[in-house]
C-alpha cells in the first residue's frame with residue numbers, strides 16, 4: 001500500500017486502518033446537514049462487506065446507502081455549499097467533512113461530536129476509495145492503468161461476499177438448495193445433475209451435504225472455469241495444462257500483436273499473474289494465471305498508451321476538439337435545479353476545458369451566477385472564479401476557456417473584471433499569442449496553465465479612451481428563448497410537479513434513450529405560465545444592444561459572436577472570433593452548408609450549445625457536430641447517459657485532458673461528410689470483431705423482481721458512431737438463460753471511411769418477448785482499440801465483461817468483405833463468411849468446444865441494421881424530442897432516428913491481419929512495431945478492391 005515506507009510503518013498504517021474500519025462498522029452518530037433545514041442526527045455505519053455507507057433511521061430503509069465505488073472525494077472542514085449556508089451553525093471545522101458521490105457530485109455533509117471521529121471516517125473512507133480504484137471501479141482502473149489490479153484478491157473477496165450472501169441462515173454452511181438459489185441470482189442455468197456433481201466433488205469433509213467456505217471456493221472455481229480461455233491456452237500449449245515461457249511469448253506476438261517480447265518480459269508477466277508457486281518456479285503459467293492475465297488491464301480493449309497525452313499538441317487550437325460544458329453550474333434541469341460551485345470542480349477534474357459562467361447583477365453590488373429568467377438558485381460570481389482557479393489545472397495544464405455570458409450593469413462588470421484579475425492573475429496573460437493581428441490560433445502547448453476568456457469585446461473603431469461602449473446583445477438570456485423566461489414564480493409549483501412526473505416517466509423508459517419522454521408535454525402543460533409559443537418568435541427580431549465595460553473587454557481573449565442569422569457569413573472575422581450556435585441553428589447549417597462549416601472550423605472556433613427545448617438538461621448527439629469539425633460542442637455534464645458516454649470516450653483517446661486532435665482531412669482540404677464516399681483516396685479501415693463470450697452479466701438494473709427475476713437471455717450489439725456513411729449496428733444472436741458465462745462466438749464486421757472520428761459502442765441487452773432491457777455498455781474510440789483477444793468491461797459494473805477478438809485492416813478501392821477463420825469461428829448469417837485462410841496453421845477449437853452449460857444455446861437471430869445519423873430537425877415543435885441520435889431501446893425508429901435493414905449484403909473481401917501502430921505496453925516493458933515498420937507491414941497487408 002505504501003511502497004516507499006519501511007515495513008514497520010506499513011504495519012502501523014494497516015493497524016490504524018483496521019481500527020478505523022472497526023469504528024466505522026460499529027457506527028457513529030453524526031449530524032447530517034441539508035439545504036434549507038436543520039441538521040438531522042443519524043447513526044452512520046460501514047456495512048459488513050465494506051462496500052457502502054448506511055445510516056438509520058431512514059424512511060428509505062434499504063435504499064439509505066452510498067456505495068464506496070460511487071465516492072468521488074472526501075474533503076475536510078466545512079467547505080461545501082451546504083456548510084456555507086449553515087455558516088451560523090458555529091461548527092468546529094475539525095468535526096466537519098463532506099463526502100462527494102454519484103455522477104452529479106452530490107454532497108453528504110456531516111458533523112461529528114469530536115475531531116477524532118471525523119479523522120477516523122476521513123481516513124477510512126479515503127483508504128476504501130484507494131482500494132476500489134485498484135480493484136473494482138472501471139473508470140478508476142483506467143486511470144491507474146500502469147498498476148496491475150489485484151485480481152486474485154478481488155476474486156477471493158467476491159467469492160467470500162457471494163458465500164455470505166448465499167448463507168441465508170448465517171450458519172457458515174451452504175446446502176444444495178441455497179446453491180440453487182445462488183445460481184439463479186448469479187444468472188446461471190445449469191442442469192441440476194451438473195450442479196449436484198460439482199457440489200459432491202467440492203464436498204470433501206465429514207459433514208456431507210453442506211459446503212464450508214473453503215469447499216465453496218472449490219465449487220466456485222469449478223463453476224467459474226473459463227472454457228474459452230482454456231481452449232485458447234490449449235491452442236498455444238500443445239494441449240498441455242500450462243504455457244511455457246516460449247509459448248506465452250508466441251501468444252503475445254501472434255495474437256496480441258506485441259513485438260520485441262523478451263524472456264524478461266515474459267518472466268515478469270508469469271511472476272505477476274501466476275498463482276501457483278510451483279508454476280512460478282518452473283517458469284510456466286497455468287489456467288488460473290492465464291485467466292488473471294487476460295482479465296487484467298494488460299488485455300483490456302482500451303490502449304493503455306492512451307491514458308496519457310499521445311498526440312501532437314503544437315497545432316493551432318482550431319485543429320482540436322475541446323471538451324466543453326453547458327451551464328456548468330447547474331446540477332439538474334434548466335428551470336428549477338440548484339447551482340453549485342462544486343460542479344466546476346467536478347467537470348474541470350474530469351477533463352472539461354471549456355466551462356460556462358452566466359453573470360447577472362446580484363445584491364450588494366456583487367455579481368451572481370445563475371440561469372437567467374428561471375427559478376434556478378444563485379451563487380456568487382467570486383466563489384465560482386475561486387473554484388475554477390483552484391481546480392483548473394489539478395489534473396492537466398492545458399488551457400481552460402471561460403465562456404462568460406455577461407448580463408450585468410457596468411458597475412458589476414467592473415467587479416467581474418476586478419475578480420478575474422485578482423484571482424487568476426498571470427493565468428490571464430497570454431502575451432501576443434492571440435493578438436488581433438494573429439493569422440492562426442496558438443497551440444494548446446503554448447497556452448499551458450492559461451485561462452482564456454471568451455466573451456464580448458468592444459469594437460476596434462471605438463476610442464481607446466472610452467470606458468464603455470455598446471455591443472450586440474443578441475445572445476442575451478440567450479440560450480433560453482423569450483417564451484421560456486419565467487417572469488413570476490406563480491408557475492413554479494405547477495412546473496415542478498410536471499417535471500417530477502416526466503422524470504419518473506423517463507425512469508420507466510429505456511435507459512439508453514435520452515429522449516425517452518417528451519419535453520413538448522411540459523411545454524403544453526405550462527402553456528399558461530410561459531410568455532408565448534416559440535413558433536411565434538421565428539421572425540422579426542429587433543437587434544438588441546448592451547453596454548460593455550472597457551475593463552471587462554480588455555480581458556477577453558476570444559471575441560464571441562452568437563450567430564442568429566439563418567445564413568451566417570463564414571468568411572469574415574479573425575482567428576480569435578468564436579461563432580456560437582444553438583443546436584437548432586447549427587443543425588440547419590450542418591445539413592445545408594456542411595463543407596463551408598468545415599472550412600470555417602479549420603480557421604476559427606465554433607461553439608454549439610443545447611436547444612432551449614432541452615429544459616430537462618438532456619443532450620444532443622455531439623458526433624453530428626464533430627463530423628464538421630466543431631470544436632466546442634457543449635453538453636450538460638450533469639446528465640448521465642448515452643451522449644455523455646460518447647463524449648467521455650471521445651476525449652479518453654488523448655489522456656482525458658480535454659483536447660483531441662482532429663483527423664488531417666478536417667484540418668486541411670475539403671470533403672462532404674454526408675457523402676457515400678467522402679474521401680475516395682483516403683484508406684478505409686475494416687474492423688472485424690469476434691464476440692466470443694460474456695462474464696458475470698447482471699440482471700437489468702430496473703428488473704421488477706431484482707435478483708429474484710428470471711435468468712437473462714443476453715445478446716450483444718455493436719454500434720459504430722462516426723460519419724453518416726459509417727454509422728450502423730450489428731447484433732449477435734440471443735443466448736438463452738445464461739448471464740454468468742454466455743458464449744456467442746460470432747463475427748461482426750464493419751468498414752469505416754474515417755475511422756479517426758468513429759466510436760465503437762458495445763451494448764449488452766436482455767432479450768424479452770415484448771422488447772429488450774439494457775444491461776450495460778462500454779464505448780471506446782476506434783483509434784483506442786487494441787488488437788487481439790481483449791476483455792470489454794462494462795462501464796460502472798464491477799466484474800461484468802464481454803470477451804472479444806479485434807482485428808483491423810486497411811482497405812483501398814471498392815469496399816468488399818470476407819471474414820477470417822480464427823480460434824472461435826461460429827458466425828451469424830448476417831455477419832461475415834469465415835471460409836478464408838486462418839491466422840494459424842491449425843485450430844483445435846472444433847475438437848474441444850462441445851455443447852456444455854457454457855456453450856451457446858440456439859438463440860433467436862438478430863438482424864443487421866444501418867443507422868442514419870442525420871439528426872431529426874427540432875426547429876419544428878413536432879420533432880422536439882427527436883434531436884440527435886436516440887437510444888437503443890426501440891426497434892424501427894429509435895429516438896427519432898430511422899433504422900433500416902440492410903437490403904444488399906456486402907461483397908466478400910480477402911484480407912490478412914496486421915498489427916496496429918502501438919509503441920509500448922505492459923508498463924512500457926513490451927515494445928510494439930515502430931510507425932515506420934508498421935507502415936511497411938500495412939503496405940504488405942492492404943486490400944485492393946476491384
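For all residues, glycine too, the Cβ spot is worked out from N, Cα and C.
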Region 'Disordered' per TrEMBL: which of the ranges 808-852, 853-897 is that?
853-897
Could you give the residue numbers and ranges of same-chain residues that sit at least 6 residues beyond the domain 'EF-hand' (190-226) on either side and whose C-beta is under 8 angstroms from one of its C-beta atoms?
156, 159-160, 162-163, 172-176, 179-180, 183, 287, 291, 693, 695, 740-741, 853
Can you count helix, strand and coil residues in the domain 'PH' (1-130) using DSSP?
53 helix, 43 strand, 34 coil
Secondary structure tally of the domain 'EF-hand' (154-189) (DSSP, helix then strand then coil)
23 helix, 2 strand, 11 coil
Helix, strand, coil: count each for the residues of the domain 'PI-PLC Y-box' (577-666), based on DSSP.
35 helix, 18 strand, 37 coil
DSSP composition of the domain 'C2' (668-796), residue counts helix/strand/coil, works out to 12 helix, 62 strand, 55 coil
